[in-house]
Amino acid sequence: MASWTSSEFLYVEIKPPGIRFLERFKRSGKLSFKQYQALVFVLTFIAYLAFHATRKPNSIVKGTLSKPSTGHFKSTENSGWAPFDGPDGTALLGQIDLAFLSVYAVGMFVAGHLGDRLDLRTFLTIGMIGTGVFTALFGVAFWANIHSFYYFLAIQTLAGWFQSIGWPCVVAVLGNWFDKKRRGVIMGVWSAHTSIGNIVGSLIATGLLKFGWGWSFVGPALLITFLGIVVYLFLPVNPPAVEAERDGTEVDSTMRLGDTITESFLSSRMSTTGFDRRAVGFLAAWKIPGVAPFAFCLFFTKLVSYTFLYWLPFYVSQTEIGGEHLSQETSGNLSTLFDVGGVVGGILAGYFSDQLEGRAITAGGFIYLTIPALFLYRTYGHVSMTINIILMFIAGVFVNGPYALITTAVAADLGTHKSLKGNARALATVTAIIDGTGSVGAAIGPVLTGYIAAISWDAVFYMLMTAALISGLLLTQLIIAEVRTLLHGSSEDDEVVSGSSEPRPPIDVLI
């Protein structure tokens, strides 16, 4: 666990019990730095994969819950589930999504603030197990014959809070272990957990749907609960917590050519006297160059992404493809191709951003290409199954590519920005600000879709294309700054992020 030392929630981490167990099998008595990195990569990957897997049942069962009722409370192949089986069923489902995502967005800011002050391993475990409990309770309504709208609303509200704990924790932990030079590719691959989690959640939920929609929630809930226990037993939060020693080939996470080792982020954390534990204040984190534009960009990017997350299976089931309507199970399985595209998009975005040394250029390029991708999918996706699959995959690449890049590599870059002067307690707060702002958009998109879709799906897609355009425009200043840097050969990445050549004063971490 951790020993608390002051009202500032300062503590001293200790080795997880699972690490102490693994060390018994090592001749040296401890794991190497690279082995710790591999362990962190895998554990944070599967942890957030599980978080996303628990979000998919809502979209998978939408069609089942909103079917016109046959007069029976128990769900069957031909009946829905009160109160969602009426004419306002899709609006009610949209309201539940809004409650979940609104609490998730607000909770993200709180969780990030706490994440820089609490033991991340314990905090993440609480988020995972709590998510499992409330995801399961949503499914329990199937067997308990619960039809109160306020029950579902309350369950999703509480689930949103526990879900909000996950992201600031996993990004902060990963950022503690990997250097900035390779962060784009590493986090591009790592960000595949979002799409793979959606795929796993979809497959579990659709596979169990034939046994009753309640099982679609219980399956992912059991998965995340089990993995939460694994995370508690094995996750090393940072190098000092497990006395990990870096080898000579490792480059510090905020070092650039010309920086001295004493200025580095991780070296300050691994000194014999410990590391700077003053958590960065909320307002101070907003002042870090680049945080605000990327945060507002993600607002609109995530609005588009989460609309697909929550409504794509329903949209597919309501649309004739090749002259036929697909079943709910087939629609759910087909929608996973969007997430397969997201895996490819996240990796490509990370790779290109590393090669170009331009996060904003890469994110903006993907965002602008999202607009024609959405237009083509809406216009030609119904022609045949083959065309639908191809266009859905392409849309997934461009929608989820920038979303993955901004929430991982960009957030970690800004959380270890040079203006922080080596302060070690900013990652969770910065991550929470960026993804929390994005989550406000994620809350708005699905609920707007619930109302707009009742009028026209064309209107929904125009809304999404407009959001993508605004998202790209918000990065204009950063893109111009990065292009200037590329043309003039400057290596000052502070200028790229801030869009200014003026030197930046150190951030007052306590604001």
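Each Cβ is built from the backbone N, Cα and C atoms, and glycine gets one as well.
As annotated by TrEMBL, domain 'Major facilitator superfamily (MFS) profile' applies to 43-484.
Here TrEMBL flags 36-54 (among others) as transmembrane segment.
Residues 58, 62, 65-66, 83-84, 123, 127, 149, 152-153, 156-161, 163-165, 167-169, 282, 306, 310, 428, 432-433, 435-437, 439-440, 442-444, 446-451, 454 of the same chain lie 6+ residues outside the transmembrane segment (91-111) yet bring a C-beta within less than 8 angstroms of a C-beta in it. Positions annotated as transmembrane segment by TrEMBL: 91-111 (among others).
The list of residues near the transmembrane segment (123-143) in space but at least 6 beyond its ends in sequence, with Cβ under 8 angstroms from a Cβ of it, reads 47, 50-51, 54, 57, 75, 81, 111, 114-115, 151-152, 155-156, 158-159, 161-166, 169-170, 173, 212-218, 220-225, 227-229, 231-232, 235. Marked as transmembrane segment by TrEMBL: 123-143 (among others).
Residues annotated as transmembrane segment in TrEMBL: 149-174 (among others).
Annotated transmembrane segment per TrEMBL: 186-209 (among others), in sequence order.
Marked as transmembrane segment by TrEMBL: 215-235 (among others).
Feature annotation from TrEMBL assigns transmembrane segment to 360-377 (among others).
Marked as transmembrane segment by TrEMBL: 389-414 (among others).
Feature annotation from TrEMBL assigns transmembrane segment to 426-453 (among others). Distant neighbours of the transmembrane segment (426-453): 90-91, 93-95, 97-98, 100-102, 104-106, 108-116, 120, 164, 167-169, 171-172, 175-176, 279-282, 285-286, 288, 291, 294-296, 298-307, 309-311, 315, 403, 406-407, 410-412, 414-417, 420, 459-460, 463-464, 467, 509; these residues of the same chain sit at least 6 beyond its ends, with a Cβ under 8 Å from one of its Cβ atoms.
What TrEMBL records for 459-481 (among others) is transmembrane segment. Note on the transmembrane segment (459-481): residues 290, 293-294, 296-301, 303-304, 307, 311, 358, 360-361, 363-364, 367-368, 370-371, 374-375, 377-378, 402, 441, 445, 448-449, 452-453, 495-500 of its chain, located 6 or more positions outside it, place their CB under 8 angstroms from a CB of the stretch.
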Interface present between the transmembrane segment (360-377) and the transmembrane segment (149-174) (three or more C-beta pairs under 8 A): no
